[in-house]
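In TrEMBL this protein carries:
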- 116-304: domain 'Peptidase M28' (DOMAIN)
- 12-33: transmembrane segment (TRANSMEM)
- 335-351: transmembrane segment (TRANSMEM)
- 371-390: transmembrane segment (TRANSMEM)
- 410-429: transmembrane segment (TRANSMEM)
- 438-457: transmembrane segment (TRANSMEM)
- 463-479: transmembrane segment (TRANSMEM)
- 491-509: transmembrane segment (TRANSMEM)
- 521-537: transmembrane segment (TRANSMEM)
- 549-568: transmembrane segment (TRANSMEM)
Amino acid sequence: MCLGLHDGSDRMVLLAARLGTLVLFALAVALGFGTFSRLPPRDVTAPTAEFSAQRAYEHLKVVGAAPHPPGTPRHAEVRDYLLARLQALGAEGHVQREALFAPQQDIPRPAATVENVVGRFRGSSPGAAVLLVAHYDSVPTGPGAADDGAAVASLLEVARALRAGPDLVHDVILLFTDAEELHSLGSLAFVRSHPWAREVEVVLNVDARGNEGPVLMFETSADNGGLIRRLGQAAPHVHACSLYAEIYRRMPNDTDFSVFREAGWRGLNFANIEGSIAYHTRLETVDQMDMGTIQQQGETLLALARRPGEVATSEEGDRIYINWGPYLVHYPERWARALLAVVAMVLVVVLRSGVRRGALRPSRVAREAGALLLAVVGAGALVSLGWPLLKILQPEYRAFLKAESYGNGLYVASFGAATLAVVLAVLALRRRARPSEVAAAGCLLWTVPTVFTGLAMPGASCVFIGPLLSATVALALLCRSFDRTARPRVVLLLGLAAVPSVLLLAPVVHDLFFALQLDEAGLVAVLLALALVLFAPSWRASLGRATPVAAASAAIWALGLLGCGALAQRFDARHPRPTSLVYLLDADSGLARWVSSDAHPDAWVEAFVGDASPIASLEALPEWREPLRVSRAPSISLEAPEVVVTEDHTEGEVHTIRLRISSRRRAAFVDVQVMSARPPAAVWLAGRRVEGSTLVDDSSKQGVLLRYWAPPPEGFLLGIEEEPGGGALGVRVSDHSYELPAEVMAGPTRRPVETMPAPFREALDEGIRVTRVVDLRPAP
């Protein structure tokens, strides 16, 4: 009887140890997320020298009230408001107005008349200045309250707080760039020609890809040591990991910071990325903007700008950095290989010791490594099927151009649960395997990305080296106690060994799930699965015989979240369907057409384009290479763009034609297609001469394609230089405005509230396009 009581007591202690370990895991995950939660927004009663999200919100109500892309009246209103606020704060404020041509960018090659709003606050010590940057233009499909209105409002409030605080030592320049959404032409203009540009020592740029979530510092310039040190001192609550910078530099994305970095300037780039379904849509409204995000944004910038001398401190080389709880851990990048070598040697010593003790049998370790690798690959493959499955469960998701939906949060949770289910299922099937051998197999799998990143991507190595060291400690414990893993002390020690890595990895996995699209979630699932198998013995020791039940529960949760998210969602006024519809008028023939790029049009779009089969191309949209749906439309009277030949002469062997092109409708942008048998010798635009052969690519048969945003009322000049024997020469000129014609959109045909203009479609979101062809020299 005494033995029975003793056994029962041991079971209770073991159960308590297991529950305690699971609680430790949960607390580590919660702390990993909670440390970086948005800051509580402060109201207008906050001290004047401190940042208040509510005060910034008053500016946001003006800046983010309506779409304001360049070339629109609303854009001019926002520009004037920003200039007035800077001057009211005592800044040396002005508008930098400049015509710019960036032929190195994508086709159509962009040009624009940009209008940057710039303000400077002088400090007591002239010299190096800190540049705070946010772009004030929006896309035509959304009001831009998040991208980048919130940052613009934050900068105005930061400027006010700086003025209310101690006297500035160094100068602070505020730059509200124009045309960031148009290949960052505004920042390019500032770098190239603004007289203050040469005095900038460090840049702090703020952007957004959503309307909520914590602020990430996701990109740095080269030689970032001093910047990272100061960030850790001033704003450790900001998400920052050098892994993000390694990933971002391999992506095709750009912000204004790309221009500053390529110019050799030093600085940091910030953004929030959650709530991305609202990005560039009509949902990106002021009332939907997360106030906590604004508060974190503002406090970070204020802390870094208040002591610019420290921010600008130069330090040779880069630093690797990652959040660990409330701290930003950072160290020189040159340490990466040394740390890798040390951890690898420790692992080798532990593995050899385990083999000598009989705790590790190489053949069995290899078998367990194969099983765990199957779990990792299986989890990644299963999650990769999530987006295709969602489009089957909810066919309307095919309307999204990107792999995102209104249920992203539910789906991320579902994918995480699915990954956990796969790993636990494999562990349940391998329940007879020695925990020490499972641990060794997990360490060997984790070693692969650790070695790769340590050698090829040192900035990413911080995610892998620390966890491998923790897992090696757990492996050493198991090699000494491989036959006593059911003891409470061993269970707790295994849990404690895993907790630091859980604290480190939880926010990284969270950020990556939201940074990538749903069709890329399988990549994050692989990382999560690797992390789970790295500490597989901790899971097994904590769950015991309940491992199969936990696997089944995780699978049920995964299916439930996926099904509820997909089946419960419908397009409505709060969750509108993106649609594409453009009114296209050929001014030469009077032919009007409706054009849509929707692959799966809804009933409203079908009412205009009918059931016509998609066509591969359209002459009036030469840059568009995806199928289009086209149908006849009622013709209305619209002024065509004006083309005037101002010069036509031959000098030597070069024939030059100069045109003045203007939009009599005051459209937002003008497209020009130079139609000739071969590329012209050169093109002049915005005062810049460019070789014609550099303006076309190998796959382009449409000739030179140019796009001029925000053309001045008097128009812009285009010069074309030709060599002898050029053949026929003409230009197709089209101007585009961001509205549908009121004459044909009244009454029952107006846009339903459950739809919205589709983002990311360039000239095929919503609008009126009037096109004409001018023959400059007929074919002989």
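Each residue, glycine too, has its Cβ placed from N, Cα and C.
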Result, the transmembrane segment (335-351) in contact with the transmembrane segment (463-479) (3+ CB pairs under 8 Å): yes
Beyond the flanks of the transmembrane segment (521-537) by at least 6 residues, Cβ under 8 Å: 372, 375-377, 379-384, 386-387, 411-412, 415-416, 418-420, 422-423, 427, 435-436, 438-439, 441-443, 445-446, 449, 467-468, 471, 474, 478, 485, 494, 497-498, 501-502, 505, 508-509, 512-513
Of 12-33, 335-351, 371-390, 438-457, 549-568, whichever stretch has the most CB pairs under 8 A to the transmembrane segment (491-509): 12-33
Whether the transmembrane segment (549-568) meets the transmembrane segment (12-33): three or more C-beta pairs under 8 angstroms: no
Range from 12-33, 335-351, 438-457 with most C-beta pairs under 8 A to the transmembrane segment (371-390): 438-457
Beyond the flanks of the transmembrane segment (12-33) by at least 6 residues, Cβ under 8 Å: 325, 486-489, 491-492, 494-496, 498-499, 502-507, 510, 538, 541-544
For the domain 'Peptidase M28' (116-304), mean pLDDT (0 to 100): 94
Within-chain partners of the transmembrane segment (438-457) [C-beta distance under 8 Å, separation at least 6 from its ends]: 246, 336-337, 339-340, 343-344, 347, 351, 354, 360, 365-366, 368-369, 371-373, 376, 427, 430, 463-465, 467-468, 471-472, 474-475, 478, 530, 533-537, 540
